[in-house]
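Below is one structure, written out as structure tokens; comments come after it.
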Amino acid sequence: MNFELEERLVQRKAQQLYRHRVILDSPQKPEAIVDGHPCLMFCSNDYLGLADHPDIRAAFQKASDVYGVGSGASALINGHSRAHRQLEEELAEYTGRPRVLLFSTGYMANLGTISALLNPGDALFQDRLNHASLLDAGRLSGARFQRYQHLDMENLEQRLKKNKARRTLVATDGVFSMDGDKAPLKELITLTRQYQAGLMVDDAHAFGCVGKGGRGSLNENGLSVDEVPILMATLGKAFGTAGAFVAGSEALIENLIQFARSYIYTTAMPPAIAEASRASLKIVEREDWRRDKLTANIRYFRRNCESLGIPLTASESAIQPIHVGSIEKVLRVSKQLLDLGVLVTPIRPPTVPAGSSRLRVTLSTAHTREHIDRLIDALQSIVWPKPEQAA
Ligand SMILES: *Cc1c(COP(=O)(O)O)cnc(C)c1O
């Protein structure tokens, strides 16, 4: 056997692309214990501060007393519990869609959905900066697969014009995971209608955070199931639990139950996770103050960065990337932040395109003004010269 295991690692290190995992000894909260040291975290996707919420923990504990821990089998064998069914029904009602199907992870939801709907000979168009799971799903489906320029509807239309496939799907992140900017949903709907294509929105980063009661990007834009037939969202980010779901028509969901291999051939999520997600859904829907505080935190962070000359992008979401450029620089800056007790994981290729390495700062309802001040102080002290020094 010669897989060049050692050589590949040496090369990965030489390219400064080697990944390490930090170890947490605390819940997912701004003030955490990272690699044995107290640390302030600005890279979690726990946008609403729910990952350690007492009601959600209690629901999880109680459900494990009722159902035990493991679900025991795939959903089509006997792993589909009352808890799963109730969460599906509640998410359908919440999203205003006929039906919902739970998946164990968002990665699997995207893989299963796209590969169930498309076959070789069909066509798939994706934003160039879509999440890796959507891109991988495209590859797995065997469909003819094109990536259009980020947010560029003219570029998409040129491609759709030339497309002759019988079945065509356009897939996009609602809020882009590494950039925090939003897909032009209204324009996407116009184009998909004009060219008779399906539309799928992965709302992992907006679900819980925007729209009435946290219903996400589609609700924020008043979009119906006819306009966006396939909605996917995750429960491991703003919802603070784990797993994901697809919401759409009765026929779509039945097709996924029959044909989505990442649904069929995997153990169902633990029922206690489903119960915890039901508890989370109640909080997400009811507690507008969490979204209001998140929005206030985002504004506060941006206002302060702007006045100090720390370069931001146009993102309005909880994802606030600071572009650094080279791999070397992002590693250095991230290390310097960590030395100051602030964790912002560096984001490098291939997660983002070459030359666009960045600090992906994420904000949460759980951050206080004081936390954000500490981040800004740290950023200011090491990354960018103070405005009076810049020239
Ligand atoms: C995180 C994420 C996923 C994957 O979800 P998991 O539940 O973490 O597997 C899919 N799409 C987007 C846009 C994401 O950010």
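Even glycines carry a Cβ here, placed using N, Cα and C.
TrEMBL labels come from automatic prediction, so no person has curated them.
Among the features that TrEMBL reports, substrate binding site is placed at ARG19, HIS131, THR351. The feature pyridoxal 5'-phosphate binding site is assigned by TrEMBL to GLY106, TYR107, SER177, HIS205, THR234. Sequence annotations record features per position, and here TrEMBL assigns domain 'Aminotransferase class I/classII large' to 39-379. What TrEMBL records for LYS237 is N6-(pyridoxal phosphate)lysine.
The 10 Å shell around the Cβ of THR351 (substrate binding site) contains 16 further Cβ atoms across the protein chains shown. Following the DSSP three-state reduction, the secondary structure of ARG19 (substrate binding site) is coil. A 10 Å radius around the C-alpha of SER177 (pyridoxal 5'-phosphate binding site) takes in these recorded positions out of ARG19, HIS131, LYS237, in sequence order: HIS131.
Among the binding-site residues TYR107, HIS131, HIS205, THR351, the ones whose Cα sits within 10 Å of the Cα of LYS237 (N6-(pyridoxal phosphate)lysine) are HIS205. For GLY106 (pyridoxal 5'-phosphate binding site), the same-chain residues 6+ apart in sequence whose C-beta sits under 8 angstroms from its C-beta are SER133, ASP202, ALA204, MET232, ALA233, THR234, GLY236, GLY243, ALA244. Remark: TYR107 (pyridoxal 5'-phosphate binding site) has SER133, ASP136 as non-local neighbours, by Cβ distance under 8 Å and separation of at least 6 in sequence.
Residues from the binding-site residues list (ARG19, TYR107, THR351) with a C-beta closer than 6 Å to any atom of ligand 1: TYR107. When Cβ neighbours within 10 Å are tallied across all protein chains shown, the highest count among the binding-site residues SER177, THR234 belongs to THR234. Most Cβ neighbours within 10 Å, among the recorded positions HIS131, LYS237: LYS237 holds that distinction in the structure as shown. Note: the Cα of HIS205 (pyridoxal 5'-phosphate binding site) and the Cα of THR351 (substrate binding site) are spaced 16 Å from each other. DSSP assigns the residue listed as 'N6-(pyridoxal phosphate)lysine' to coil, not to a helix or a strand.
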